Amino acid sequence: MRKLIGKSMAIGAIAALALTATACGSGRDGDTGGAKGGDTKGFAADSLIGVALPSKTSENWVLAGDLFTNGLKEAGFKSDVQYAGASTTVADQQAQITAMVTKGAKVIVIGATDAAQLSTQVAAAHAAGAKVIAYDRLITNTPDLDYYVAFDNFKVGQLQGQALLDGMKAKKPNGPYNIELFSGSPDDNNAGVFFNGAMDVLKPEIDKGNVVVASKQTDVKQTAIQGWKAEGAQARMDQLLTSTYGNKELDGVLSPNDTLARAIITSIKGAGKKIPVVTGQDSEVESVKSIMAGEQYMTINKDTRNLVKQTIEMVKALQAGNTPEVNDTKSYNNGVKVVDTYLLPPVAVTKANAAEAYANDPKLSPLTK
Amino acid sequence: MSRIKDLQKNLFGGTTSNARQFGMIFTLVAIVVLFQILTDGLTLRSDNLIALFNQNSYILILAIGMLMVIVAGHIDLSVGSIAAFTGILVAKSMAEWSLPWPVAILFGLAIGAIIGAWQGFWVAYIGVPAFIVTLAGMLLFRGGNQFIGNANTIAVPEGFRVIGSGFLPEVGPDTGYNNLTLLLGLAACVAVVWREFQARKTRREMDADPAPMWISVLRMAVMVGVIVFASLRFASGRVGTSFPVSGIILVALVLAYSFYTRNTAAGRHIYAVGGNSRAAELSGVKLKRVNFFVMMNMAVLASLAGMIFVARSAASGPQDGNGWELDAIAAVFIGGAAVSGGIGTISGSIVGGLVMAVLNNGLQLLGVGTDRVQIIKGLVLLLAVALDVYNKKQGKFSIIGSLTRSFRRDTPTPPTAPPDAERETARTAVPS
């Protein structure tokens, strides 16, 4: 008897639950999405804007994050600025972008940690009606990326290559010059662009025999430093000095950025050699000091302020329902489509023009005096 | 008095270890409710729940294998590297040899089996501590990943991505829900009810007291309620989304491995080895075979996790797998496994993994940066295990256990708890 009561009770409970289930009504949020993202009608002026940046390995990203937080607030938006963690960068960034979509961000700005591993999240953002802007690093293999904003990175490479030649000529009027090549992390889309830009200038000189890569390591796979890690560059330079420069003089090193440049200089100093002409990029504080002290030869000023300002301009244009301004609709193919791009011009900085180049930078200009 | 005792004994299991597991489930529920309030209802929204499973299924799959490794008294540090190594090989096999993706998945599992056999050989037959073997494996396969992939990112084809970011198709009439997800939920409800009655029948046949009917009903109502709620949530996401495919793989693995570790002799042998390997060996457990199996099994699951991550990321990259071993190990220990081996359950580890996952997700929804998220996760891990160690030293199993101590009978409860994957006991097996 008790059993029977129990059984009927159980069945009753299930039936009740099933009833509530159907009574809850069918509320599938959102439509097939894609249509929403298609035409721009603008959105509320106080909407949430998500910004997903890589881990805090370079001061550039930390600065960019602060600028975004303040800039978006000034423009009246709510902002959510996130950095990927130090060790699990890709998974963190994927989760952060998904969280931003869940929170209903209207525009998501992404500085990708790995250019090719975000397509699922970008697609989800697009399906939810958010616009996606790739910041500084192009996101590849996705049809859902809307805009790309960056400095002209090929030009960066060209400026580095040219500065390397000029610097060596100033020290020693006649060649041939011995140089070594370094390039950035192979999973960063920009690393190859910098390298190709630099080789665009250096290759003719190498072919003429005026410039010699003494170690013969000219392939991008040999020159790459995984993860832009300083210790990687230092170790590679140590090995190059041992293997190649026992009794040869090293005249110049092509380094893709400041962190690597300083690591290379540390290695050369450690070996007790004369510091050659070393290029850089990013205008990091320590490197500007190094340039003023006559160690690192040059860096590139890609004023993060301008890049963030330009990105926020794009967000504002999207908010108003306009098409953001772009100046390159041909060169940046991400493997699926050509992405509308706004390119900002970089500036080469040496000791000679440092004071002028950093005049507007509150942190760097005191260093140049 | 008797009702409370009944409830305590039957709903949360009668033994202290079950009370401890209930404590973890309670913590999980508390965290979910906390974030549900803090995020204004975002946490339990269907798109977020779907994202939660998509983001964490690969870590939870690792936790299954890691639980068995830790119960057997070992550790595996190489899972992240194995995942990355398999990921790059599978991506390359599809990009360069144009292997069809189902074949590529089998290929990936085979790689895992080979790696596992390699590590299992050193651990079980040579006797090198697993810590050392897998530390070597961590370097070996991370290097292998960079060597094969040249540190490049390699995209995988659309079909393959299903296992990491796919959903069930939309079929049948337009009910406003994803019909297949509803069907899965219904099947789960039926299974729960069927099992409850089956367990009662078993107990009667064994002449044991079946739990009072009202407790069975309450238990079923709670379970069915949770399942109905979850399936409605998962089924009501954006059109084209459902309970994720990676989640289905996870659930299938959890059910299979729970059954294996609880109800089969081979599964109980793992506990015996971890509890006291000498005694187990003298009782006829094939020590080497058990050790070989857990290491190999871990590598196969790591390969699967790696492929799911690659499928979700749409590409295999050089950073894949970094730090995964730590997430999996943390999940297992938060889930109540003992550092010395012999104790722990699959479901406990999954709950432990979910605690970390919900914490991560909730903090991200609140916009807390990864720096602070890591600090919080570190503290949670330390506190969870410290509480456990402290309670054991006090001779109690848990705070819940100590609070409810006065309700318990003085005579030990006969170990006749029904087999129940949702509420496994975490006791050391005595080999028969």
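Each Cβ is built from the backbone N, Cα and C atoms, and glycine gets one as well.
As given in TrEMBL:
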TRANSMEM  B:21-38  transmembrane segment
TRANSMEM  B:58-91  transmembrane segment
TRANSMEM  B:98-116  transmembrane segment
TRANSMEM  B:122-141  transmembrane segment
TRANSMEM  B:180-197  transmembrane segment
TRANSMEM  B:217-235  transmembrane segment
TRANSMEM  B:241-260  transmembrane segment
TRANSMEM  B:292-311  transmembrane segment
TRANSMEM  B:331-359  transmembrane segment
REGION    B:408-432  region 'Disordered'
Cβ contacts the transmembrane segment (B:331-359)/the transmembrane segment (B:58-91), at least three under 8 Å, sequence gap 6 or more: yes
Listed stretch, out of B:21-38, B:98-116, B:241-260, B:292-311, that has the most CB pairs under 8 angstroms to the transmembrane segment (B:217-235): B:241-260
Among the ranges B:58-91, B:122-141, B:180-197, B:241-260, B:292-311, the one whose Cβ pairs under 8 Å to the transmembrane segment (B:98-116) are most numerous: B:292-311
Whether the transmembrane segment (B:180-197) meets the transmembrane segment (B:241-260): three or more C-beta pairs under 8 angstroms: yes
